[in-house]
Each structure stands twice: as C-alpha cells, then as structure tokens.
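Visitor: Structure provided below as structure tokens; questions to follow.
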Amino acid sequence: MTRQSRDPFGQLMLSRRSMLLGSATLIAAAHPALSFAAVDSAAETRFMRLSTLLINHQLNPDIGARIAETATSQYKNFSPMLDAIIAIAEKKQAKTVEDFFTDIPDGELKDFAHWVIFAWYSGCSSEKRDAKVFTYEEALTFKTTSDVVTIPSFGFSGPNLWTRPNLPLSAPMPTF
Amino acid sequence: MTSFKTFLLAAPFAFVAFAPTISLAQDFPADLVEKGRYLATASDCVACHTAKGGKPMAGGLAIDSPVGTIMSTNITPSKETGIGNYTEAQFSDAVRKGVRADGANLYPAMPYTAYSFMSDADVHAMYAYFMKGVAPVEAKNAETSLPFPMNIRASMIGWNLLFRNNTPLSDDPKQSAEWNRGRYLAEGAAHCATCHTPRGAFMQEKASLNLSGAQVGPWYAPDITSDKVTGIGSWSQDELVTYLKTGRLAGKAQAAGSMGEAITHSFQHLTDADLKAIATYVESVPSAHPAAAATGATRFDQGKPVNELAALRGKGFDNGMKGAHSGAQIFSANCASCHGFNGQGTADGYYPSIFHNSATAGSNASNLIATILYGVERETESGHVFMPPFGDQPNALTQLDNVEVASLANYILKDYGNSKLTVTAHDVGVIREGGPKSDIVTLARIGMGAGALVVLALIAMAVILPRRGRAGADKANA
Amino acid sequence: MVTKTSADVIVVGTGVVGVVIAEQLIDAGHSVLMIEAGPRVTRAEVVENWRNAPLGVKGDTSVAYPPRPWAPHPTGADKPEDAYLQFTGPDPYDQTFIRYAGGSTWHWAGTSWRLTPEDMRLHSLYGVGRDWAFDYDTLEPYYVRTEHKLGISGPSDRALQWPQTGARSAPYLMPSFPFSPGEQKFTEVVKTLGYTNIPVAQARNSGMPYDGRPACCANNNCVPVCPVAAKYDAETSLGRLERKGVTLLVDSVVYKVETNAQNKIEAVHFYDQHKESHRITGKLFVLACNGLENPKLLLMSANDRNPNGVANSSDQVGRNMMDHPARTLTVTTKEPFWSGLGPVVNSGIMETSQGAFRSEHAGAYFRYNNFARNRFVTFAALKKGLVGKALDEEIRRMTACTADIVAAHEVLPDPNNRLTLSAKKDWLGLPKPSIHYDVGEYVRKSAETYSLPIGKQIAAAMGAIDVKITPKFSNSKHIMGGTIMGKDASNSVVDVDCRAHDHENLFIPGGGAMASTACGNSTITMTALAIKAADAIVAQMRGA
C-alpha cells in the first residue's frame with residue numbers, strides 16, 4: 001500500500017480502509033488486551049455475524065466486542081435474539097440487509113436490530129447523556145461522508161488545502 | 001548536516017590582531033559572486049553561521065555540546081568583527097584545511113574535511129561571494145570557553161595529519177559527467193558524509209562505510225547508500241530529487257532536524273541538474289553490507305493502519321493513561337488529529353502516515369524519539385512545515401515526559417514502525433539530552449596521563465559526538 | 001518579589017484577558033501572581049474527553065470541561081433549579097464559560113470581528129444605548145496589538161475587511177482561510193440578494209505556523225477545543241508565562257476583594273479545594289474572571305465602606321448584562337451545500353449589522369455555521385427506520401443538505417438586566433449568580449421586522465424545502481456589560497483604562513467594560529481593552 005500523493009481521494013481512503021478491515025481479525029488477535037472478558041468469544045463472533053448481516057459494510061470486531069458487551073447487559077434475551085435474527089437472514093440466504101430486514105417481526109427483535117444498527121452508526125448506545133460510547137472515529141455516520149466532511153477533531157488536509165467542488169448527491173458514496 | 005556546528009571557537013578576538021593588514025579592495029565580477037553564492041548555498045554555510053532571527057552569516061548561533069556551549073562565528077566581510085581582512089589564501093585554508101588566519105586550528109565540526117574536495121576555482125568564487133555578496137555585519141563573536149583539555153586546538157594538528165584530505169577531487173574518467181558532478185557536490189560542498197558516514201576509532205569518517213548511516217546528536221542520519229533494503233536503493237532518481245527539493249517523499253520519508261535545515265537553506269535552492277547529479281552519485285554508493293543480506297522490508301514499507309481505540313473510547317482519559325493502552329491513548333490525544341486515528345495521515349499526504357515512514361521504522365528509534373521531542377520544521381517553496389515539539393522547549397505547547405514518550409514510541413513502533421524495537425524512558429532521556437554522548441571532559445582529563453593519542457581521540461570525539469546542534473541551540477535561543 | 005502570598009500585581013483569572021496583561025507586566029519587570037479558580041489540564045485530556053462523550057451531547061462544551069466542585073460553571077447536565085446560573089427574567093442568560101486555567105478561549109471559535117466606529121457611538125448616531133468613552137481610532141492600535149498577540153488571520157482585500165468604515169493601520173498577519181463548499185455556495189447565493197459574505201478574521205494559524213503553534217489542519221473542531229492549538233487559546237500562553245516567572249495558583253477560588261482605609265485594594269481572599277481560606281496581597285489588582293464572575297465577586301466583597309459591593313458606588317456593578325441574542329434557522333435544501341471543511345466559523349455577513357435603522361431596532365450578523373453536520377442529523381436519520389443503502393444515503397443527504405444560519409443581534413445596555421447574588425449557594429457555600437435578563441424590544445423588533453425576514457429570504461435563495469427557526473433567542477456566550485465603562489463615575493464602573501472609578505489600584509478589564517455589543521464576537525475587543533489597561537497599569541506602576 002505505497003502511498004501515492006496523486007491517488008484519487010476516494011481510492012486512497014478505500015485502500016486504507018480495506019487494509020484496516022482486512023487485517024482487523026489479525027489485529028484483534030495481536031492485541032490480547034483488546035479482548036473483552038464480559039462476552040464469550042463465541043457470542044462475539046455471532047454478534048459480528050449478526051452485525052455484518054444488518055450492515056452492508058466492513059466492521060471492526062474490536063468495536064463489535066464493545067457493543068456486544070453492552071448488549072449483553074441491556075438485552076436479557078441477547079443470545080436468543082442473535083440466533084433468531086441470524087436464522088431469519090440465513091433462511092433468506094441474505095447477502096445484504098435489504099434481503100431480509102422486513103422479515104424481522106416488529107417488536108423485540110426488530111427493536112434490537114435497529115439498536116444494533118444505531119450502535120454502529122452513532123458509536124453509542126443511545127442519544128442520551130449517559131449513553132455508552134463504543135467508538136467515535138469509526139462511527140459509520142462519518143464514513144458516509146468521509147470524502148467531503150471532516151470527522152471533527154481529525155485533520156482533513158494540509159494547511160488551507162481543503163477547497164473542494166460542491167459534490168452533487170449523485171456522486172458516489174465512499175466505499176466502506 | 002548542519003548540526004555539525006562550527007567550532008571556530010572564539011577566534012576573531014585573537015586573530016584580528018594578527019591579521020595581515022593588506023588591502024582587499026578587489027573587484028569581483030557579478031557572475032563570479034553569484035557562482036560563489038550558489039556554492040555557499042550548496043555548502044549550507046548559513047545554517048551554522050546565523051543565529052535564529054539573526055543577520056545572515058553573522059554567527060552567534062549557540063550550540064550545546066557535551067563539553068560546553070559553542071558560539072558560531074561572524075563570517076561576514078566585516079573587517080572589525082568578521083573575515084573582512086582574510087586574504088583568499090587564508091580563506092581557502094580556513095575552508096579546506098581547517099586553519100584560521102592566525103594559524104590556529106579549527107575543530108572539524110566545521111566540515112573542512114568535506115570542503116577540502118572543492119576546487120580552487122570554486123573556493124575563489126566563494127571568496128568573491130563572501131567579500132562582495134555578503135553584507136558586512138558588525139557583530140562581535142560571543143566568546144566560547146570550553147573546559148580543559150578541550151581548549152587545546154593544537155591537538156588537531158595530529159588529527160589533520162592522519163585524516164585530512166589535502167587535494168581537490170578530480171573526475172573519475174570511467175564515470176559520466178553527471179556522476180562526477182554529483183560526487184563533487186555530495187562529497188564536497190553538500191558534505192553528506194559528515195552526518196551520514198559512521199566514524200572510526202578516532203572519529204574519522206570510515207570510507208568503507210560511506211553514507212551507511214550514523215548518529216547525529218539526537219537524530220540518526222540514515223543509510224543512504226544504494227542498498228535496496230537498508231539504504232535508498234529502492235528510490236528512483238526522481239524520488240531522491242523530489243526529497244531534496246521538498247524535504248519529503250510521500251509514503252516514505254520526511255526531512256527533520258539537521259536535514260530539515262539542509263533542505264530549507266541548501267538543497268531546495270540547487271538546480272535540478274545538480275540535484276539529479278547528486279542523486280545519480282548517491283544512488284551509486286555501494287552498500288556497506290554483503291550483497292546476500294539485501295532481503296526483507298525497507299524502512300519505507302513497514303507497519304499498517306490500526307488503532308486500539310476500542311479499548312479506550314467512553315472509558316475516560318485517566319483510565320486510558322493508566323492502562324496497558326497508554327501509548328495508544330497518548331497517540332490519540334496528541335498525534336491523531338493530524339496523523340489520523342489509524343496513523344494514516346491525511347488523504348493528501350500532507351500530514352504523513354506514521355506507517356510506511358522511515359521516521360518510525362529506522363534501524364534504531366532515535367528519529368522517532370527526536371521527532372516527538374523536537375518536532376519537525378522546514379521551509380520550502382511549498383510552505384512552512386511545522387510539527388510542534390513535545391519536549392521541554394519553551395515553545396512546546398504540550399510537554400510529554402520520558403515515560404510518556406517511551407509509551408508513545410513503543411505504541412508507534414509496535415503497529416506502525418519497526419516492531420523489533422522497543423524504547424525505554426532512559427532511551428528517551430538520552431535523546432532529550434541531545435543524543436548519546438560520553439563524559440568526555442572527565443575521560444579526556446584522565447586521558448592526559450594516558451598519552452596524547454588518547455587525548456587526540458577523545459577530543460575528536462568531543463567534536464564529532466556533540467551534534468546536539470539545533471536542539472540545544474533552540475533551547476538557548478527560544 | 002513574588003511569593004505564593006504576594007506580588008506586585010495580582011491577576012485573578014487566567015483567560016485571555018488575564019494572560020495578555022500578565023505577560024505585559026512580567027515583561028515590564030513586575031512580579032505577577034495569577035489566581036485561577038479551576039484546574040489546569042492538558043489539551044490531550046480535553047480532546048479525549050470530547051471524543052469520549054456520547055454523540056448526543058457533543059454540542060455541550062462542558063462534556064470536554066467537567067467543572068470541579070469548587071469552581072462550578074454552567075453545564076448542559078444541570079436541572080434549572082440546581083444549575084450554577086439562576087435566572088429570573090423573561091429570557092435566560094444561559095451562558096457557557098469555563099473555569100479552567102486558560103479560561104473560555106479554550107472553546108471559542110476564534111472569531112475576531114472588530115467593532116465599527118459607529119458601533120461605539122450608538123447614542124450620538126442613533127439615540128439608543130450608550131456611547132463609548134473613546135472612539136474607534138483610540139481603540140484601533142490596541143486591535144492591531146491584539147491581532148499580533150493572538151495571531152489573527154484575515155483578508156488582505158480591503159473590500160472584504162471589517163469594518164469598512166474604520167481604518168486598519170496594519171495588515172492581517174496571515175491570509176484568510178479557504179471556504180468550504182457550503183460556504184462558497186452560501187457566498188454566491190447571498191450575493192444574488194446583494195449581501196457580501198466575507199471571510200471571518202480569526203485567531204487561527206492560516207496556512208503557516210505562528211507563535212510556536214502549528215497551522216490549522218482543518219479538523220473542524222475549533223469548538224470545543226482545537227486539538228493542535230492552531231487556534232489561539234489562553235492555555236497556550238500559560239507555560240510561557242510560567243517560564244517568564246509568573247506564579248500561577250490553580251484550584252483557588254477568590255471570594256473576597258479586601259479594601260483598606262484609603263479604599264484601595266489591599267488583598268484578595270481565596271478558598272482552596274479543601275475550603276481553607278488564604279489571603280494574597282499586592283500593589284495592584286486585576287480582575288479578569290469574565291463579565292459574569294467579576295460582578296459576582298465585586299458584589300460578594302461588599303463591606304462597610306463599600307456597602308453595595310466593591311467598585312459599586314455607581315450601583316452599576318452587575319447591571320447592563322449583555323450578549324448577542326441569536327436566532328438560528330436550520331435550513332434543509334434540495335441541493336447539497338456541504339459544511340464541515342475548515343474552521344467551524346469562517347465567514348459572515350456583517351453589513352446587516354449597520355444602518356440608520358439602529359435608531360429603531362438592532363442590527364444583525366448572519367453566519368453560515370461550518371460545523372460538520374453528521375452529529376446534528378444522525379439520530380434523525382436513524383429514527384426514520386431506514387437500513388442499508390437507504391440509511392447511508394439519508395445520512396449523506398441530511399449532512400449535505402442541511403445548514404444552520406445564525407442571526408446574531410446586538411443588545412442595548414439596560415440597567416434592569418442585572419446580575420445579583422442568589423440565595424442558592426455553590427459547593428463552597430458562595431452565592432450562585434442570579435441574572436434577570438430580557439433581550440428587549442430593540443432586539444425583538446429586529447427579529448420580527450428585520451433579521452428573520454432577511455434570514456427567510458436567504459433560506460429561500462438557498463433553495464430551502466424546509467426552514468426551522470428556533471422559537472426563542474439563544475445566548476451567544478459573549479458576556480458583556482456587567483462592569484460597564486464610562487467617563488462619569490456616577491453611572492459607570494470603570495474608566496477608559498478599565499480602572500475602577502472607586503479604587504485606583506483595581507482594574508476590571510474585559511467584556512464587562514464594553515458599553516455596546518455590536519453584533520460581532522467580543523473577544524478581540526475584550527483583549528484590546530486588556531492591552532489598553534496593561535499600558536495604563538505599567539504607567540501607574542512606574543509612578544508607584
């Protein structure tokens with residue numbers, strides 16, 4: 001992944017991200033202190049499976065472990081709900097969330113599915129002041145606009161080099 | 001290179017009295033003066049002979065060394081306080097032989113060993129420039145007084161006998177004109193070897209290890225031989241020219257410390273033809289290692305974009321600082337705003353990635369630690385690059401202690417840089433104090449009883465080893 | 001001679017006003033002791049506090065600066081009855097400020113509009129408010145010194161500078177910043193309406209390092225903290241001041257200003273964090289605690305000789321509390337604008353703050369907020385129940401196609417807008433500030449007949465498909481007026497150098513002294529007054 005300064009912006013971001021996510025499992029293995037004791041690893045794995053079914057993007061398993069940890073304490077049916085939603089998706093041989101999401105029955109299961117999506121996109125367990133924070137910089141909301149909007153507190157470009165054209169909504173979204 | 005500060009110690013007070021009082025009212029043609037200016041730029045005289053914020057070439061830069069603070073001297077053509085009374089022969093002897101007008105020896109922190117390769121014609125042009133192209137500045141040299149026995153200049157006579165080159169470089173007919181021009185500049189005016197070549201027992205440059213890397217105070221001037229792994233053999237000529245012109249090569253390396261100054265004051269001002277020539281020569285310098293050793297990753301392609309933030313987010317800064325992820329916490333809090341939470345830098349490459357970066361993946365951690373402590377500063381046509389220092393400088397906005405810098409460095413080394421290295425707080429302390437050094441004064445005093453040669457070696461060490469140059473100078477001037 | 005209990009000059013408060021004065025005095029050879037109510041923290045900690053805060057409360061600056069028990073400041077977490085600031089009037093005086101070493105410039109945007117000559121002569125020109133005790137030309141050199149001290153960037157094109165009616169005697173130090181796509185588009189849109197959206201002069205390093213601080217890297221986090229200190233904040237000066245010999249006491253809450261037989265200030269008293277009281281003596285005292293804490297402290301210091309409070313023979317201490325009452329239009333557009341590249345406040349329409357109409361109603365300054373919009377829209381997008389590609393596209397659309405346009409108004413000094421001491425006590429047992437505040441008819445009329453109509457016109461020109469306007473005036477966190485300046489000691493608290501009329505060795509510089517607010521942010525005017533006061537202090541100490 002040699003950096004070329006003239007790489008188109010999107011491609012560069014993509015290549016970095018691919019590298020990050022591609023190696024994410026290895027990273028988790030390489031950081032023993034990053035495993036989270038509160039959730040057993042099998043549940044973590046199933047939670048990541050659920051998450052990748054609900055979200056059509058690559059996800060950092062370290063963050064997944066944090067979300068799973070909170071989900072375990074917040075949802076007493078955590079484990080059966082995991083299994084139930086995964087089963088619905090597998091029955092549909094779902095490749096993307098659109099393939100099966102409407103099949104999740106309203107109520108506890110759908111609410112949980114929405115919560116999982118909420119957690120990945122906002123990085124938090126709720127909108128409130130006492131929310132648990134799983135991630136800030138990798139919250140998916142920022143990835144949807146990473147080509148034209150700063151993740152606040154992280155630099156975007158060299159000094160005074162951030163002039164950009166006004167992208168139409170039809171412009172492609174960054175891949176993440 | 002420029003932290004090899006001049007040891008033109010407190011000379012003018014002495015030599016003004018001895019200087020011959022002949023007239024120097026020579027007229028030099030403008031193009032000769034201009035040629036001299038170019039050569040003086042290539043030689044980077046200004047870096048050492050100008051105080052921060054001071055007038056060009058008027059000296060007064062305070063240089064910390066293990067043996068005391070040394071002040072660079074006024075080399076403007078002022079007759080009273082500068083070199084305005086120097087004859088061309090005296091000028092030539094100072095530049096190429098390390099001998100002052102009054103006959104006293106300079107210490108080889110003034111890179112006369114390199115300048116000795118310069119031709120008579122070029123020294124003539126430099127003389128013209130220094131007499132006519134530099135504005136005279138009346139600025140008395142600040143006195144430097146080093147402790148005994150470092151004040152014995154005469155000991156350099158023996159060293160010169162052993163190690164000084166006495167003849168200008170002549171072209172190698174087997175090589176191209178470009179290569180010969182490159183060698184002439186690199187070995188002469190640009191004095192690459194002064195920093196990049198390791199020293200022998202008497203602190204002389206070891207020719208067999210030419211440009212294979214050496215410690216320069218807190219910084220490490222890396223291997224720039226053609227070795228594909230340890231050197232810059234993986235760089236194209238264009239890449240090396242880009243580096244010399246801008247001080248950076250995206251995804252590979254940036255110039256900081258003395259090299260940042262060399263880019264600022266010297267290399268960026270050279271012609272493209274000369275930079276290409278230097279690149280051609282440097283990339284021909286043979287590896288110092290056996291050919292068989294040339295496998296593995298270079299210092300330009302190590303590390304990967306990762307973070308440990310899942311262990312930190314939402315759990316409080318104090319917790320992060322106490323735990324196993326303190327290095328990651330320090331990185332996030334102090335570095336990530338510019339260098340990215342994955343160490344990836346900005347998309348335009350202006351703020352470099354921390355991985356794929358020679359600063360974090362060198363053969364030792366000096367440059368990583370020095371970058372953290374001293375920051376980065378260089379000015380080129382494309383702007384003023386400034387990474388703030390995190391050391392104990394007066395202008396350091398955030399000061400990290402040795403334990404914090406070690407934690408940070410270890411985090412960076414583990415994931416982004418040379419994962420074989422680790423750093424201790426003591427290592428950081430050594431770099432903070434200006435780099436590895438010995439207790440030279442004590443040793444030298446003991447050495448007085450053990451024989452002149454030991455003294456000679458130690459004095460030479462004192463001269464070569466200090467190189468705290470810029471870092472210390474900042475301390476004294478800021 | 002400086003000790004922990006005495007110095008030539010005692011400066012209470014370590015914000016921008018305190019540090020510029022302290023530096024000038026230590027440079028002039030006087031010993032200086034600074035007293036700060038709150039803690040000293042590292043930038044690293046503040047940055048990480050903010051990143052660790054939940055997305056839903058990132059707009060509350062106090063999440064990055066949790067108050068210490070002994071030095072409370074307003075937070076978004078408090079219930080009104082428990083809050084540090086107590087309100088009694090029709091409008092809340094709902095300020096945000098920080099009792100930390102370095103003060104509230106920690107979280108300012110860096111916006112550095114000068115006053116205009118007209119802003120300083122409201123009474124003469126428009127028959128409203130007060131005139132300043134001196135004119136723009138008197139203040140101008142101090143603005144220049146402020147711009148150098150803080151490192152202020154701005155346009156070199158005279159037509160884009162503010163004010164247009166007052167001279168500049170020196171250029172800006174650095175160029176103005178490039179606009180984000182949204183700012184660029186906004187500028188083009190308002191131009192069709194005849195308005196000029198000009199670059200904000202700002203205390204932020206533009207394209208180059210300055211004063212040991214790096215260039216702005218577009219991290220879009222000026223509020224609540226610049227992670228790299230490209231933006232000036234007073235914390236960046238503290239280490240330098242200490243190395244020059246200033247003594248800095250933190251976690252030390254000054255609660256009493258003591259006067260002597262000549263009615264000069266003899267000492268200040270502070271509580272440490274263990275509630276133990278200490279006394280600090282000096283030759284001269286500077287209160288630089290901000291326009292709200294200063295009057296509180298003066299009122300708390302009432303004694304037999306000064307029964308209404310120190311410096312309060314005029315009964316004006318705590319009166320004339322001012323701010324920039326603001327209304328925000330959240331505009332949803334059909335086509336994208338895209339904010340979130342570069343500084344969070346980077347441009348504004350200032351010409352709408354001036355005009356003959358000021359005899360009838362307030363002027364207004366319009367700014368296009370350049371905050372990255374994700375945190376404002378994410379929850380709303382998620383609430384729509386969308387998933388997958390539809391969710392991604394909705395977040396992206398809402399981030400691109402929403403914008404906040406803020407109309408900030410000037411407010412007139414009104415003695416009835418008054419800070420008093422509440423019966424409620426803080427952790428140390430000191431009275432909490434109570435503020436009666438009413439933005440007044442002058443401001444309300446502006447919103448009704450002037451600023452909101454212009455705002456709606458701008459929104460329409462932007463292609464708005466929805467406009468939501470905040471129903472009430474919000475505060476801009478620009479605390480002004482509580483120790484108002486004037487030549488007449490019977491109706492003002494400080495003189496032209498911010499010296500208390502009642503006490504020759506007491507200076508109360510900063511926003512509290514401002515006799516009018518205009519519409520632009522107050523910090524550089526506060527700082528200019530501080531430098532003017534510092535000149536007077538140096539002269540006075542020479543004579544002492």
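Every residue gets a Cβ built from N, Cα and C, even glycine.
Heads up, TrEMBL stuff is auto-annotated, nobody curated it.
The heme c 2 binding site feature in TrEMBL is assigned to B:Cys192, B:Cys195, B:His196. Here TrEMBL flags B:Cys335, B:Cys338, B:His339 as heme c 3 binding site. Under the heading domain 'Cytochrome c', TrEMBL lists B:31-134, B:177-286, B:322-416. Taken from TrEMBL, the feature signal peptide applies to B:1-25.
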Visitor: Taking Cβ distances under 8 Å as the criterion, give the subset of the binding-site residues B:Cys192, B:Cys195, B:His196, B:Cys335 near chain C, ordered by sequence.
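Guide: Contact set vs C: none.
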Visitor: Which whole-number value in Å describes the distance between the Cα atoms of B:Cys338 (heme c 3 binding site) and B:His196 (heme c 2 binding site)?
Guide: 30
Visitor: What binding-site residues from B:Cys192, B:His196, B:Cys335, B:Cys338 have a chain A Cβ less than 8 Å from their own Cβ?
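Guide: Near chain A, the qualifying binding-site residues are B:Cys338.
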Visitor: Look at the binding-site residues B:Cys192, B:Cys195, B:Cys335, B:Cys338 and tell me which residue has the greatest number of other C-beta atoms within 10 angstroms of its C-beta.
Guide: B:Cys195
Visitor: B:His339 (heme c 3 binding site) to B:His196 (heme c 2 binding site): how many Å between their Cα atoms?
Guide: 28
Visitor: Sort the residues of the domain 'Cytochrome c' (B:322-416) into helix, strand and coil with DSSP and give the three counts.
Guide: 37 helix, 10 strand, 48 coil
Visitor: So what's the mean pLDDT when you look at the domain 'Cytochrome c' (B:322-416)?
Guide: 96
Visitor: Any idea what the Cα distance is from B:His196 (heme c 2 binding site) over to B:Cys335 (heme c 3 binding site), rounded to a whole Å?
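Guide: About 29 Å separate the Cα atoms of these two residues.
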Visitor: Roughly how many Å separate the Cα of B:Cys195 (heme c 2 binding site) from that of B:Cys335 (heme c 3 binding site), to the nearest whole number?
Guide: 29
Visitor: From the Cα of B:Cys192 (heme c 2 binding site) across to the Cα of B:Cys335 (heme c 3 binding site), what is the distance in angstrom?
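Guide: Rounded to the nearest whole number, the Cα-Cα distance is 31 Å.
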